[in-house]
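Under the heading domain 'IQ', Swiss-Prot lists 16-45, citing sequence analysis as support. Swiss-Prot lists 121-455 with the feature region 'Catalytic'. For ASP172, HIS174, ASP201, the entry in Swiss-Prot reads Mn(2+) 1 binding site. Annotation comment: Swiss-Prot describes ASP201, ASN233, HIS285, HIS403 as Mn(2+) 2 binding site, evidence class similarity to another entry. The active site, proton donor annotation in Swiss-Prot covers HIS234 and is backed by similarity to another entry. Residues annotated as domain 'EF-hand 1' in Swiss-Prot, with sequence analysis given as evidence: 483-518. Here Swiss-Prot flags 566-601 as domain 'EF-hand 2'. Taken from Swiss-Prot, the feature Ca(2+) 1 binding site applies to ASP579, ASP581, SER583, GLU590, supported by sequence analysis. The domain 'EF-hand 3' annotation in Swiss-Prot covers 606-641. The feature Ca(2+) 2 binding site is assigned by Swiss-Prot to ASP619, ASN621, ASP623, SER625, GLU630, with sequence analysis given as support.
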Amino acid sequence: MGCSSSSTKTRRSDTSLRAALIIQNWYRGYKARLKARQHYALTIFQSIEYADEQGQMQLSTFFSFMLENYTHIHKEELELRNQSLESEQDMRDRWDYVDSIDVPDSYNGPRLQFPLTCTDIDLLLEAFKEQQILHAHYVLEVLFETKKVLKQMPNFTHIQTSPSKEVTICGDLHGKLDDLFLIFYKNGLPSERNPYVFNGDFVDRGKNSIEILMILCVSFLVYPNDLHLNRGNHEDFMMNLRYGFTKEILHKYKLHGKRILQILEEFYAWLPIGTIVDNEILVIHGGISETTDLNLLHRVERNKMKSVLIPPTETNRDHDTDSKHNKVGVTFNAHGRIKTNGSPTEHLTEHEWEQIIDILWSDPRGKNGCFPNTCRGGGCYFGPDVTSKILNKYQLKMLIRSHECKPEGYEICHDGKVVTIFSASNYYEEGSNRGAYIKLCSGTTPRFFQYQVTKATCFQPLRQRVDTMENSAIKILRERVISRKSDLTRAFQLQDHRKSGKLSVSQWAFCMENILGLNLPWRSLSSNLVNIDQNGNVEYMSSFQNIRIEKPVQEAHSTLVETLYRYRSDLEIIFNAIDTDHSGLISVEEFRAMWKLFSSHYNVHIDDSQVNKLANIMDLNKDGSIDFNEFLKAFYVVHRYEDLMKPDVTNLG
């Protein structure tokens, strides 16, 4: 009997162990599938983000093209607003920007006292936690005072650490004020004993960019030797037009917003472009290339880099009498080439410009070599060999950079020689990623600190968080798909030799990759985007189900509507450049002239009669003017309500 009892217990124990192993294996598989879905969603967000940045960089070639061809398209003297070509001599003095703006007694927000002290930092933090707005007078004064100090600084700040004085490196914040509050809560406020480096991209995307900028600038003015600011690719007035900071300023400072934007352009240009810690760690926003020349970058006149979208122009030194001037000091000669009013020394050389672009825009890759950053459209991809070459050349040990969202807030690559740090948590969607910062001390290994701003969604189970993130990613991907409906339909039909309305998943994926230019796992995504029949074939017109572009003018041709929707961000920037008085209005003739240039440069094939008809319809009161910004807002995507509300039964894994 004793043996029988022992045998039974053994069998039960074996059964329990097998059951535990089955559950464990199932759970591991479940977690792996969730992680795969999360990875696919992040890939969608990142691919679309980089494609938008590529479009933004392509605007630089358009602006050059526009200036070179402007007189050929439109013989009358149209006025262009080009902030980057205004000289500082044309800027009004401090009185016009700061002292002429009174702070009324009725203002209940924070009142700063210059010269600033740590009390002002505390005052500002408490006010912003209460969602108060800093008066425009103080915003302008802070920017003026910060610019004054920045102008005295070198291109690269050199700092030293010690066992009793670590330095904290923060990456992109992108207007995420709660992340900055959390960093200061966990790590302490900036001080002589607690120095910080903020590695660019303070602004854009998030809704509190001006608050972050004011906290950083005030802290910098109080501790100029202990808080260090590096320029990122979003510290650029042209980037701000697309990614939200310009709109934030104009919304919060309706009366004085334009003045703030003008000063910001100069402020950005004077930001240092890098920091070197203990003579061995290079801290820059983007990365390097095989031709990165730190000696040149130490010497370059950084304030000449107003915007990455305004590349160096061809300076014609001949005194051509047959020339045409516009409002901003640009001269077109008889051949349509650009001349600038002033000496060539007022502008960066092309080589200098490319050097700065590389350190602001480049990304590391695992593959050796250096090749164009085709995803972003600017900078390059650099491999481990390039990292070793540049670090060895300048006797450095490590490169710390930001510029890329990472799921854990940081990433180490290139045999530990390159570290990416990203400080904006929940960047794409609630729960999408952690933020992180680094603490450095001479002779020790970098220490990483992770965090995540917690809101209601962050307390949800992982499955629900992944569902939310996945649904959001698929939604923006569908919006990209519908903007190319005509092109995709033609591509599908070319593959559909039997005219069946169906393609193999491989054929469908080939069309999506080819037309949209997004490097995504289309086969894996197919179950979320299209209907697949029992034989595994894609009903390709279902790519456009449950979504449409709402068009404000019903008479407009669908191809024109798709084109306007697809390029709406680019067009908004271009037409804001024409709107010299910020009225929001442009003339019908300006619209037609600039559309010709735009369609020619972007190879957009739209019949002129459609554009002329649309221009006339847009001129609602027939006064010859178009409220173009309002018109563009009218083009938006409508998702079918039921589709957004029903629970998601498919997944990306």
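Here the Cβ of each residue, glycine as well, is placed from N, Cα and C on the backbone.
Because the structure is a prediction, the values reported are computed rather than measured.
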Under a criterion of Cβ-Cβ distance under 8 Å and sequence separation of at least 6, what residues of the same chain contact HIS285 (Mn(2+) 2 binding site)?
ASN199, GLY200, ASP201, ASN230, ARG231, GLY232, ASN233, ILE359, LEU360, ARG401, SER402, HIS403
How would DSSP class SER625 (Ca(2+) 2 binding site) in three states?
strand
Look at each of the binding-site residues, ASP201, GLU590, ASP623, and point out the one with the fewest other Cβ atoms around it within 10 Å.
ASP623
Have a look at the recorded positions HIS174, HIS234, ASP623, SER625 and say which one has the shortest Cα distance to GLU590 (Ca(2+) 1 binding site).
SER625
Quick one: Cα separation, HIS234 (active site, proton donor) versus ASP623 (Ca(2+) 2 binding site), in Å?
38
Give the helix, strand or coil assignment DSSP yields for ASP172 (Mn(2+) 1 binding site).
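Going by the DSSP assignment, ASP172 (Mn(2+) 1 binding site) falls within a strand, counted as strand.
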To the nearest whole angstrom, state the Cα distance for the pair ASP172 (Mn(2+) 1 binding site) and ASP623 (Ca(2+) 2 binding site).
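If we compare the Cα positions of ASP172 (Mn(2+) 1 binding site) and ASP623 (Ca(2+) 2 binding site), the gap is 45 Å.
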Can you give me the Cα-Cα distance between SER625 (Ca(2+) 2 binding site) and HIS174 (Mn(2+) 1 binding site) in Å, rounded to a whole number?
36
To the nearest whole angstrom, what is the C-alpha distance linking HIS174 (Mn(2+) 1 binding site) and ASP623 (Ca(2+) 2 binding site)?
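Answer for this pair: 41 Å between alpha carbons.
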Please report the three-state DSSP label of GLU590 (Ca(2+) 1 binding site).
helix
